[in-house]
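Input: a single structure, listed below in structure tokens.
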Number of protein chains: 2
Amino acid sequence: MTDRFAFRLLARDGAARRGEIRTPHGTVQTPAFMPVGTQGTVKAMYPEQVRALGSDVVLGNTYHLMLRPTAERVARLGGLHKFMNWPHTILTDSGGFQVMSLAQLRKLTENGVTFQSHVDGSRHEMTPERSVEIQQLLGSDIQMQLDECIALPAARDDVERAMRLSLRWAERSRRKFEEMGGPERGQALYGIVQGGDVPDLRVISATELGAMPFEGYSVGGLAVGEPQDVMLRMLEETTPAMPEDKPRYLMGVGTPEDILESVARGIDQFDCVMPTRAGRHGLAYTRFGKVNLKNARHAEDHRPLDEEAECPAARDYSRAYLHHLVKAGEGLAAMLLTWNNLAYYQSLMKGIREAIEAGRFEDFRNETRENWARGDISKLA
Amino acid sequence: MTDRFAFRLLARDGAARRGEIRTPHGTVQTPAFMPVGTQGTVKAMYPEQVRALGSDVVLGNTYHLMLRPTAERVARLGGLHKFMNWPHTILTDSGGFQVMSLAQLRKLTENGVTFQSHVDGSRHEMTPERSVEIQQLLGSDIQMQLDECIALPAARDDVERAMRLSLRWAERSRRKFEEMGGPERGQALYGIVQGGDVPDLRVISATELGAMPFEGYSVGGLAVGEPQDVMLRMLEETTPAMPEDKPRYLMGVGTPEDILESVARGIDQFDCVMPTRAGRHGLAYTRFGKVNLKNARHAEDHRPLDEEAECPAARDYSRAYLHHLVKAGEGLAAMLLTWNNLAYYQSLMKGIREAIEAGRFEDFRNETRENWARGDISKLA
């Protein structure tokens with residue numbers, strides 16, 4: 001334990017923010033990308049590698065961990081940091097999102113959600129209080145309130161009902177978090193802004209949550225099926241209504257472009273399975289856009305993904321070899337491409353942070369977008 | 001290219017030998033364990049890790065590589081060393097073993113074997129000459145003659161027929177290898193001793209091969225279904241008939257115990273999929289024997305696999321966590337357990353080499369066997 005949760009704004013450039021979050025397990029430089037460690041592992045990566053890429057924080061999924069190996073077992077084994085050999089900051093979600101997307105026989109009431117495990121069919125109840133309890137057992141540094149996240153498009157009435165329920169759950173979550181001594185341990189609980197694609201509901205949600213003493217605020221319920229321009233417009237409506245002095249986390253987002261554009265709209269934290277999942281499906285992210293290694297045109301391509309990259313996965317292996325590994329179904333394909341992708345994401349975040357500090361975020365954004373638009377170099381060869 | 005193939009005996013202790021093989025891509029300390037890189041990758045390992053564990057040489061499978069990505073493609077891409085990012089020594093097999101175990105519609109004649117690919121059904125012919133040609137395209141440092149390896153038990157007549165055919169193929173292989181300039185490039189071609197479980201056939205095979213100018217000699221056709229004591233007895237009959245001044249490679253062997261006992265009978269090189277395959281199936285090799293991480297008794301075991309090990313996989317992760325990864329089907333399970341297993345195998349080889357140098361191989365053998373017999377410590381707790 002090094003410190004209590006604290007957030008400090010270091011620089012601004014337009015709406016973009018450069019900050020620093022302190023937690024009991026370290027310091028997180030923002031804007032930050034948080035690799036997803038669903039079941040207590042960032043898939044196909046050793047934790048030391050994740051750290052060496054500049055990751056200050058990883059995410060654990062409450063839903064998955066509560067079912068297997070269970071939060072109680074993780075607690076008996078000394079908590080999630082020790083369990084997964086990640087002594088740095090951990091953020092956990094509330095479990096609500098996966099309860100609604102993965103679990104079976106869900107039933108939502110004012111009190112919470114009952115559901116059946118997708119692993120073994122066992123029955124569980126998730127309430128705001130239980131979610132906090134599980135996250136306390138896991139011992140994460142940054143915890144999330146339980147909320148109701150509904151898919152878009154949705155009728156305004158449904159969006160409002162879910163948003164109001166999420167506000168009531170925010171209060172219950174906060175009460176439980178304080179009862180359990182979260183603040184004394186230096187941990188953080190974030191409230192989650194809902195309101196779908198309805199600007200005034202987003203503002204109500206942000207304002208009411210802002211009046212509660214959360215350490216940080218998430219923007220939930222985006223990247224759930226709406227077009228990118230809708231998501232970005234919602235951020236433009238939402239972030240000005242969020243507290244200035246608290247970190248802002250856009251949940252489950254996104255592509256490199258989503259991240260760049262969301263930073264431009266005042267977001268500080270991101271998580272997404274995209275770089276890790278894509279890495280297991282033969283897709284590489286690079287400075288010049290995406291490269292699909294399944295494609296036969298790479299079969300005799302001597303070039304590495306990016307010879308100027310620092311990451312060995314990008315620099316020391318030919319596209320021909322990566323293509324071969326993908327076609328042959330070798331585990332090393334996922335290992336190298338995930339490594340490359342997380343390295344690219346973290347180098348993008350580093351570039352963003354440096355650009356904000358230097359007051360040249362707009363230039364950086366344009367250069368980065370130009371490189372993406374240029375595309376895979378081999379097309380020009 | 002650093003050197004031409006050469007073998008030097010550094011020490012002996014009983015029948016056990018301590019030696020050094022030089023190849024165009026480095027020096028191999030013997031007795032050596034050679035991790036298997038079937039399709040151009042040691043499964044679930046980065047090549048730098050394989051090297052860091054003390055591996056001086058890895059094996060590539062001619063059968064797999066000729067079918068995908070094809071030897072011609074590997075050659076166009078600069079050879080197997082460059083392709084798989086392994087600048088150290090590579091040994092390739094002849095492809096014969098997998099032709100007989102994996103391919104379909106096989107037909108064996110004096111000339112060679114015709115077969116259908118298990119990958120795409122394409123038809124191929126493997127002859128002694130073609131096998132050398134493929135290995136030359138791959139550019140491996142140590143190459144194998146094509147032989148016929150028959151499963152045991154088998155009738156003496158069948159064993160003798162296969163052994164005699166293998167001798168004729170040895171001559172054809174050697175001729176092709178010299179025609180293609182293998183010796184000038186400093187590469188090695190090994191002849192393969194066959195003869196099943198029939199001592200006098202083994203001696204004939206070893207003697208006749210010994211009269212041909214091979215750089216080294218393999219013992220083939222063992223670990224193909226016979227009990228361990230039969231295998232060890234065959235080694236006792238065979239190795240005294242093999243040239244003293246050439247390395248001896250026991251193909252496809254084996255368990256840590258097989259290796260220890262075979263070193264005691266004069267073997268210098270080993271390869272086996274066991275440590276890598278076991279690692280993908282939840283099984284860990286340790287100083288105290290095997291640990292099956294699938295077993296529920298590990299679910300809350302705080303202890304690492306071996307807290308005294310140098311390998312992070314053995315030292316920094318609890319058995320409980322490894323159990324969780326195996327149960328959850330996470331790729332990190334294979335990554336950590338393969339790492340642990342290869343680390344254990346290579347530490348065993350290092351111990352063997354040091355013991356032979358110090359003239360205390362017999363003590364080392366007994367201590368090692370006592371530790372294995374002691375079993376997993378938790379049984380005693």
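Each Cβ is built from the backbone N, Cα and C atoms, and glycine gets one as well.
Remember, TrEMBL labels are computer predictions, not curated facts.
Site annotation (TrEMBL): substrate is bound by B:D93, B:S94, B:G95, B:G96, B:F97, B:Q194, B:G221, and the candidate from B:D13, B:D147, B:D301, B:D306 recorded at this site is B:D147.
Residue counts for the region 'RNA binding' (B:252-258) under DSSP (helix as H, G, I; strand as E, B; rest coil) come to 3 helix, 0 strand, 4 coil.
Taking every pair among B:D93, B:S94, B:G95, B:G96, B:F97, B:D147, B:Q194, B:G221, the residues listed as contacting substrate, the largest Cα to Cα separation comes to 16 Å. Its own atom aside, the Cβ of B:S94 (substrate binding site) has 30 Cβ atoms within 10 angstroms in the protein chains shown. The DSSP breakdown of the region 'RNA binding' (B:276-280), given as helix, strand and coil counts, is 4 helix, 0 strand, 1 coil. On the 0 to 100 pLDDT scale, the model's mean across the domain 'tRNA-guanine(15) transglycosylase-like' (B:15-373) is 97.
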